[in-house]
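What Swiss-Prot lists as substrate binding site is ARG79, SER80, GLY81, ASN92, THR96, VAL97, ASP98, LYS106, and the listing cites sequence analysis.
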Amino acid sequence: MHRPENRADLTPDLTLVRLSHGEGLDLPAYETAGAAGMDLRAAVPADEPMTIRPGARTLVPTGFVFEIPAGHEGQIRPRSGLAFKHGITCLNTPGTVDSDYRGEVKVLLVNLGSDDFVVERGMRIAQMVIAPVTQMAIREADGASTTARGGGGFGSTGLS
């Protein structure tokens, strides 16, 4: 696990509240120096692993409340290895954790593979990227401005 030495690079701080079923789990962590996302672990009971059948989806607890700083969001994203090797991904990706949310962060996993997948306690199930958020002033107009692209939608710019 990567632990940055320069604390100035970590500002602002991210405060976590550990829930009782998260006791004993490692804190979410950046696994390498260049990692954009911190890995989230499954807070399922050790004696009750969770099985996700092919085509099924389930919410997996992380055991933590995240106090995301104002002006930021937490983006829940799949782990590439789980997706490639097992067909396990996050159903709503990226899932947004708002800065004013104070409940437990849970991960919505879906099994797109052909075999049952067992989620065990402490398994790294997803990653969270903390990203800045811009809230826009919203105004209504009578028409859209003109651009070279215009209203061309899906596939309108071609492949090459």
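Residue numbering: from 1, along the chain as shown.
Glycine is treated like the rest: Cβ placed from N, Cα and C.
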Near the Cβ of ASP98 (substrate binding site), how many other Cβ atoms are there if near means within 10 Å?
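Result for ASP98 (substrate binding site): 11 other Cβ atoms within 10 Å.
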Could you tally the C-beta atoms, other than its own, that fall within 10 angstroms of the C-beta of VAL97 (substrate binding site)?
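So the number of other Cβ atoms within 10 Å of VAL97 (substrate binding site) is 19.
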With every protein chain in view, how many other Cβ atoms are within 10 Å of the Cβ of LYS106 (substrate binding site)?
18
Around GLY81 (substrate binding site), which residues of its chain at least 6 apart sit with Cβ under 8 Å of its Cβ?
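Same-chain residues close to GLY81 (substrate binding site) (Cβ under 8 Å, separated by 6 or more): none.
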Which state, by DSSP, holds SER80 (substrate binding site): helix, strand or coil?
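In the DSSP reduction, SER80 (substrate binding site) maps to helix.
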Considering each pair of residues in ARG79, SER80, GLY81, ASN92, THR96, VAL97, ASP98, LYS106, all listed as binding substrate, report the largest CA to CA distance in Å, no decimals.
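Across ARG79, SER80, GLY81, ASN92, THR96, VAL97, ASP98, LYS106, the widest Cα separation comes out at 26 Å.
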Which residues of the same chain, at least 6 positions away in sequence, have a Cβ lying under 8 Å from the Cβ of THR96 (substrate binding site)?
GLU73, GLY74, GLN75, ILE76
Does DSSP put ASP98 (substrate binding site) in a helix, in a strand, or in coil?
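ASP98 (substrate binding site) sits in coil per DSSP, no helix or strand.
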